[in-house]
Structures are given as C-alpha cells and as structure tokens.
Amino acid sequence: MSVISSVQPFHAIAYPLDPNLALEISRKYAAYYSVISSRFSLPVFNHPLPLPMKSTEDNNQLHIRFVSSDFGNHPLSLLMGSVFGMYDRENVEVSCYALSPNDWSEWRLQIQLEAEHFKDISAMTSDMISSYIQYLVTDEFVSPTSFSHLYSEKLVHLPHCYFVNDYKQKNLDGVQQDQIIFTDIAMKQEHIRRSSLADICLDIMLCNAHTTGTDVLWAGLLMVTLPLEKMATRVVGSLYLATRVGEEMIVNNVEYENRAMYLALNRIKLQDLTNRLNLSCLICPLFDKSRSVKNLERSYFKMWNLHCSGQQPQQLKVADNDFEYPYDH
C-alpha cells in the first residue's frame, strides 16, 4: 500500500501546490481507502447493459441517487436545498443518501421532504464509493478542456455556470485602524444584506469565493478575481460569465491591483457596473435555478445513454437547446 500525503485532498485545493501534485495526492488517498474498503467484502457492481432511453417508450424515468455528507446546515444545502425537489418527476426520480447523521436543521428537513426518497446511511463513509465516481459536472471556464489532465473524472460541461445556488493586524502600510472592519458571524439573510454596504470585493486567488461569491453578487457587490489553473481558483470567473456582466472584473496577475484601484477611484464606472449587475441578477442564468436543474437533467441523460451504448465515460458538453431525451420531443 502506497504512503499517503499528510496533506489531505480537500486541503490541497487551497494550498499553493502544483495542480498535478494535488491530483496525485487525491489519487493516493483514493487508492489507500479503496484497499481499506475492500476489506468489507462488498459485492461488485455488475449489472447487465441496459438500453438507452427513448421518448417513444413508456416509464422511462432515470433514477438519480445523490450521496453526500452535507445534507444539513452546510453551504451545499444552503445553495442547493431546493434543487432536489425541482426535478421533472415525469423524467427523473430522486433519492438522497446522507453520509452524515441528522442535525435537525431546516435545510436537512427541506431535502428530506422534497426529495422523493431520503435515507440516512451515516454508518458508511464516502471513501467506500470513491472508485465509482466517473464524471465531474462543471463548466468550460472553471474546468477548461485544456486542463482535463488535472482531473481523474471525465468532465461534463454545463452551459453558463456549474455552481447552482439558492439565494488582527491593525496598521498596515498607513491604513488606519478604523478603515478595516471585522464583522461578526451573521445569519444568512443578514450576511447578504450587509455585503451591499461594501463597494468592491477582492477575491482570494488560491481558493475563490464559492458560496460567498454567489452571496455578494446577489447583493450587487462587484468582485475582482484572478483565475489560475485549479478549479477552485476559477469559480468567481464562471459566476461572472453566467451573470453576463462584469467580464472586465476577470483579470490577470498584472491587472488585479490596478483594476481594484481604478474602480475605487472611479465612482461613476463603479456605479454603472453595479447597476448592470443588479439588473442582470434578476434574469441571468446564474440565478435561474429551474434552468440550472433542467441542464443538470440533460447531463444525467447524456451520461446514462453513453453508458447504455457500451462506451466508456468521456468528456461531454451540455447546451440549453440539447435534444437529448427527454427533451427530444
């Protein structure tokens, strides 16, 4: 059994490590825990090859099973809590399997009530299913085809943005103490409201804002972001492209500080971009959850029909106007 790194895969996302090294860390961990899980003598998934689904046939529901340790008071559930109840029940049947025990939060309850099936399997661990993950649902900005070698999964590119969402150092370089304000923890809605009190948000380069990114954009707060190679460094750029405004906020290393300073000093330009962002949030793909769910459905049927045809997983691209079943009639 190979020796695993002291740096865990999730932490490797946020550290300034080479993307290839981060991939190798993930592979070592997956191999290590695959050996451990094999000791449970679980039966191998070996099913006969099914037929692709066609719109001319009856009872063609695709059964989607979501397995997560984050069904509860967690950013995933805050962002996606209503997604599990929004699928087209004529085409998709949804089951949710929780790897974490019930935390009795409102978000856990929402998913339990809205998903067709919900089961607590907290006695299991995510390590026991890692080898069965074939695809990563993403988008072309966050995970460009040119970076596909950095992933062990095959990429499924959704249109717009993959990120589905619901709605003490004091004196530095002459900055006065009252110019830096540390806020307390706040409830979700208050957190979003107070975000609008700022003028500009500076994104973190090594690991972008994810949930926070959608929070501040919904609040109408502009962000300056610098995308690098890792998926976690490219999320805010993807969020911006899906708002259809603010492309000029996606900058390179030379422009990062200059763009922030320019907007801070040019109030007319800043207000114009802010107004455009506020208007776009009401109609853009980023906050159109039903559209996002429909495109997720399209991706599932593409993956399933590829499997049914006997082919190996491969990179896939989804478009708003795809005619993959069940949208081919």
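These residue numbers are counts, starting from 1, taken along the chain as shown.
Keep in mind that glycine also has a Cβ here, set from the backbone N, Cα and C atoms.
Automatic prediction, not curation, is the source of TrEMBL annotations.
According to TrEMBL:
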type	residues	note
DOMAIN	5-125	domain 'O-GlcNAc transferase C-terminal'
DOMAIN	130-169	domain 'O-GlcNAc transferase C-terminal'
DOMAIN	173-294	domain 'O-GlcNAc transferase C-terminal'
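Summarised by DSSP class, the composition of the domain 'O-GlcNAc transferase C-terminal' (130-169) is 9 helix, 10 strand, 21 coil. Each residue of the domain 'O-GlcNAc transferase C-terminal' (5-125) gets a DSSP state, and the totals for helix, strand and coil are 44 helix, 18 strand, 59 coil. For the domain 'O-GlcNAc transferase C-terminal' (130-169), the list of distant contacts is 19-20, 22-23, 26-27, 30, 33-34, 45, 78-83, 182, 192, 210-211, 213-214, 218, 227, 229-231, 234-235, 237-239, 241-242, 285-287, 289, 291-293, 295-296, 299, 302-303, 313-320: same-chain residues at least six beyond its ends, Cβ to Cβ under 8 Å. For the domain 'O-GlcNAc transferase C-terminal' (173-294), the DSSP counts in helix, strand and coil order read 68 helix, 9 strand, 45 coil. Summed and averaged per residue, pLDDT over the domain 'O-GlcNAc transferase C-terminal' (173-294) gives 86.
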